[in-house]
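S.K.: Okay, here's the structure, questions in a sec.
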C-alpha cells in the first residue's frame, strides 16, 4: 500500500509541476529567441529581458563577442576585427542620423568591406569613427561580458527548461499509460471476479432450488404413495373383515361348541394383540419417517441460508476493502498536494544552481527506481490476485463437499425408507396368509360339521373309546388333545413366518 501511495504521489507531483509551473514558464517563454543567423526575440522575452532586444550594435558584435570572451582578443583575426569595427561605425552613423553612408559598407561581403575602407578613408569623419571603434575593440569585449553571460545563462535555462518539460511530459505520458493500463486490468479483473461470483451464485442457487424441489417432490410422492397404500389396504381389510365377520357370526352359531376350545387357545396366545402391536409399530415407523423427512428439509434449508450468509459476508468484506483503498487514495492525494507546495518553493529557490548538476541525474535515477518499484508492485499484485483466487476456489470446494455430504445422507434415508416399505409389505403378506389359513380352517370345520360321514366317524370313535375291549389295551387320545396339537402346530408355523418381522 505504501508503494502504491508513493507511485500515485509521484504521478500527481510530476503532473502538477509539468502542467502548472512549467506550463507558466513555457507560456512566458514560448516565443523565446531562436538563435540562428537572424536572431529575433519575441515580445515576451524582450519585455522580461531587455538585453535580448535586437540592435545594430548587437548584430555587429555577433561574431566578435563570443570569440573574444572565450579565447581573448588576440585569438581574433584581423578580418573579423576590421569587419566588426566597420559595422560599429555604420551603427554610429545610423544612430547620429548621418545621411550619407558608404554603399559598399552596407553589404556583408569581404570584397565590399575593402571597398568600404577605401571610402571611409575619403572622409576624415568616417575614418576617425572607424579608427576609434577598432581601437576600442578590447574594451568593448569586456564591457559586453555581463550581457553576453546573461544571454548565455538564459539560453541554458531555456534549454534545461525544455529538457525538463520534455522529460516531465514523457514521464507523465508513461505514468498515465501505466495507470490507464493498471486501471483497465484492475477493472477487467474485478469484472471477471464479479462475473465469476454471479455465475457461481446462479449455479449454486439453481442447484439448490432443483435439489430442494426434487427432494420435496420425492418425499411428497413417497408419502402420498405410502398413505394411499395404507389407506387402500386398511379399507380393503376393514371391508373384508366386516364381510367375513358377518359370515362368521352366522356360521359360528352352528359350530360354537366345537370351536370353543380352539378359540380359547387362540385367545391365550393373544395373536390379535400381537397384530395390533405390529400395526402400531408400523404406524410409528411411518411417523418417524415423516419427522425425519421434515428434519432433512430443515437441515437443507439451514445449509442454504448458511451459504447465502457466507456469500453476503464475503461481498461485504470485499466492498470494505475497496472502500479502504479509495480512502487511502484520497489521503495520498491530499498528502501530494501538501508536499507539492513545499516542492514548488524549493523548485523556485534552487532551480538555476541545481538544474544542471543535480536534477537531471536525480530524475533519471528516480525514473529507473520508479520503473523497478512499479515492476515489484505489479508482481506483488499478481501474487495477491492469485492468492485471492485460491481462497475463493477453496471456499467453493468446501461448499461442494458439504452438498455432497447432504446428498449421501439423503441416499441413506431413501435406503431406510425402502427397507421400511419392504417390511410393511412383508407384514401385509403374513396377515393375508393368516386370514386365508383361518378361512380355510373355518371352511374345513364347516364342511366337516355338514358331512354325515364325519358325524358317523365321530360316533364310532366315541363308542370305541367308551366301550373298548379288554384284549386291546390301547389308551385313546382325546379329541381335545388333537385340537391342542393343531393349535400348537399353527402357532409354530405362524411364529416361523412372522419371526423376521418381529426381530425388525
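Using N, Cα and C of the backbone, Cβ positions are placed for all residues, glycine too.
Not my notes, these are from Swiss-Prot:
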{"type": "SIGNAL", "residues": "1-19", "note": "signal peptide"}
{"type": "TOPO_DOM", "residues": "20-452", "note": "topological domain 'Lumenal'"}
{"type": "CARBOHYD", "residues": "159", "note": "N-linked glycosylation site"}
{"type": "CARBOHYD", "residues": "206", "note": "N-linked glycosylation site"}
{"type": "CARBOHYD", "residues": "313", "note": "N-linked glycosylation site"}
{"type": "CARBOHYD", "residues": "404", "note": "N-linked glycosylation site"}
{"type": "TRANSMEM", "residues": "453-470", "note": "transmembrane segment"}
{"type": "TOPO_DOM", "residues": "471-481", "note": "topological domain 'Cytoplasmic'"}
{"type": "TRANSMEM", "residues": "482-502", "note": "transmembrane segment"}
S.K.: Sorry to bug you, but what's the C-alpha spacing from residue 313 (N-linked glycosylation site) to residue 159 (N-linked glycosylation site), rounded to the closest Å?
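M.R.: Checking the Cα atoms of residue 159 (N-linked glycosylation site) and residue 313 (N-linked glycosylation site) gives a distance of 59 Å.
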S.K.: Would you kindly give the Cα-Cα distance separating residue 206 (N-linked glycosylation site) and residue 404 (N-linked glycosylation site), rounded to the nearest Å?
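M.R.: Given the Cα positions, residue 404 (N-linked glycosylation site) is 16 Å from residue 206 (N-linked glycosylation site).
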S.K.: For the glycosylation sites 159, 206, which one has its C-beta crowded by the most other C-beta atoms within 10 angstroms?
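M.R.: Its Cβ has the most other Cβ atoms within 10 Å: 159.
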S.K.: Calculate the distance in Å between the alpha carbons (Cα) of residue 313 (N-linked glycosylation site) and residue 206 (N-linked glycosylation site), and round it to a whole number.
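M.R.: Checking the Cα atoms of residue 313 (N-linked glycosylation site) and residue 206 (N-linked glycosylation site) gives a distance of 20 Å.
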S.K.: Which of the three DSSP states, helix, strand or coil, fits residue 313 (N-linked glycosylation site)?
M.R.: helix
